[in-house]
């Protein structure tokens, strides 16, 4: 099995693109080799009937258990029946602390409390905040809106019990990376107009995926083969979250899944015209027209719901959003999702702090300290989040 997996990796590596401008390209190639090997071995195990490829992938991504942290009190709890892990600094505080709801990435399919243990510990220690990491239900077993509902329910529970954790009701932030950034944006929008909960102080979105209307934006072509998220995988994960399967992935990639009138409606928000010219210089392909396929739209029409694609929220909702921090990476298919949302927020009077990693790639934050070697750009990105939190 190992030999077969190794062969699959060697055959697959040449088809991926690791530009020389990315942070630590040699290390990234090693990480990619591990992920490709995991995927290849998972496919073999699935064909032999031992376990599914996704189950094996989740197992490998769990990582090793960390020991006790001398600076943090860590406990596993349930908020509204949603598993969470709470990180509280042990040091005595002069007053109430910040609170952070953290939603992990992984395409709504992978990721866990353990996977993001290092990141959450770092955020709690360095920003002196109470961090709540949320283990939402994963696709394809649990389709949309399961993950969103879990994150919303956990957030509401925390907002109702802030005093128990010594958290200042005026300084609660939602934070997430990738799919977690999607969930953080959706939760923030849902709570924006509510008067029965404390108002969120901020939202922190780290290379978030915010729309599934257009997989042909410049960044999707420029970085289509750049790890750790490829263009096809972005559509694959979105479909898996929506429907529990990846049927019609090719039609979605080509843009045949959205009616012309609806596409026209959303052009004011989802369009290459809203992306600064400097981001279009590198390898942008002209689009080829595709015909709308009504049957496909019927299976994916919930892509137009803001709880799934927050970039499509109405201006009246966006105007009520809290101060925002958006991190984007140059070598990331989701870069333009972040840039488009940044513009939407600013156009609606929301204060935005934007941090762009010129040498960053998708997922780099979670790799800031990976298996004994580091990605300095990931550390810079994580520290930018800490600095933003300290300013609140």
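Start at 1 and count along the chain as shown; that gives each residue its number.
Backbone N, Cα and C atoms are what each Cβ position is placed from, and that goes for glycine too.
As annotated by TrEMBL, active site applies to 178 (among others). When Cβ atoms from all protein chains are considered, those within 10 Å of residue 178 (active site) total 29, not counting its own.
As annotated by TrEMBL, active site applies to 332 (among others).
Under the heading active site, TrEMBL lists 362 (among others).
Among the features that TrEMBL reports, domain 'Alpha/beta hydrolase fold-3' is placed at 100-247 (among others).
What TrEMBL lists as domain 'Alpha/beta hydrolase fold-3' is 291-365 (among others).
Here the CA atom of residue 362 (active site) lies 5 Å from the CA atom of residue 332 (active site). Close to residue 362 (active site) in the fold, though at least 6 residues off in sequence, lie 178, 207, 223, 226, 227, 228, 229, 329, 331, 332, 333, 334, each with a CB less than 8 Å from its CB.
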